[in-house]
Amino acid sequence: MADSASLLSILLFGFSAGVLHAFDADHLAAVSGIGGRSGGRYSFRFALHWGFGHGLAVIVIATLVLVAGAAIPTQFSAFAESLVAWMLIAIGCMTFMHLWRQHQQSVERPPRNYNALLVGLVHGSAGSAPLLAVIPAAGMASPELGMLHILLFNIGLILAMAGVGAALRRGLSAAGHYHRTLQLSMQSALGIFATGFGVFLLMSQ
């Protein structure tokens with residue numbers, strides 16, 4: 001009975017940590033910045049692909065640590081964090097370029113899925129992801145239990161970010177139906193958020 005309760009607590013911890021990790025400010029800035037470009041129509045799809053990319057990075061790191069016994073160099077994490085900052089700045093700038101093209105009546109192009117995967121991969125390699133997922137897994141009784149923790153972490157993260165994408169799509173769509181200016185203001189705010197947080201991360205390093 002005690003073993004079952006312990007296993008359940010491990011699974012709940014992994015899932016809950018993944019859900020909480022999805023709401024990191026840099027994650028929200030990236031997903032809302034790109035997902036909000038087209039009035040939110042592609043935000044749910046982008047959020048899902050971002051989650052898959054992030055999960056893939058965490059699984060690769062966890063496999064190296066738990067199975068191969070490798071140590072991840074601190075320089076790698078620092079480089080990934082710097083890349084996240086520049087990536088957020090680029091996302092914000094691209095948001096404003098997209099809004100300008102909309103103003104010029106240019107043809108709308110949806111975000112590419114591999115862009116979402118790439119952004120997720122970078123995020124999964126930086127910041128608190130290794131702390132929340134890999135380090136607790138490394139302290140568990142067996143590599144199998146550790147990988148189960150990683151799996152639940154990723155499921156929680158993907159579901160939470162999919163919820164963010166769905167909420168963003170609904171919010172921007174409702175704003176567009178109410179007044180186009182309100183929708184454009186929200187999209188501009190998301191671009192400012194992404195750029196501003198990227199600058200903040202660079203200054204914090």
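Counting begins at 1 with the first residue displayed.
Including glycine, each Cβ sits where the backbone N, Cα and C put it.
Nobody curates TrEMBL annotations by hand; they come from automatic prediction.
Noted in TrEMBL for the protein shown:
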type	residues	note
TRANSMEM	46-71	transmembrane segment
TRANSMEM	83-100	transmembrane segment
TRANSMEM	120-139	transmembrane segment
TRANSMEM	151-172	transmembrane segment
TRANSMEM	184-203	transmembrane segment
(request) Find the member of 46-71, 83-100, 184-203 that has more C-beta pairs under 8 Å to the transmembrane segment (151-172) than any other listed stretch. (result) 46-71
(request) Using a Cβ-Cβ cut-off of under 8 Å, list the residues of the same chain that are 6+ residues beyond the ends of the transmembrane segment (46-71) and lie near it. (result) 22, 27, 30-31, 34-35, 111, 113, 116-125, 129-130, 133-134, 137-138, 143, 146-147, 150, 153-154, 157-158, 161-162, 164-166, 168
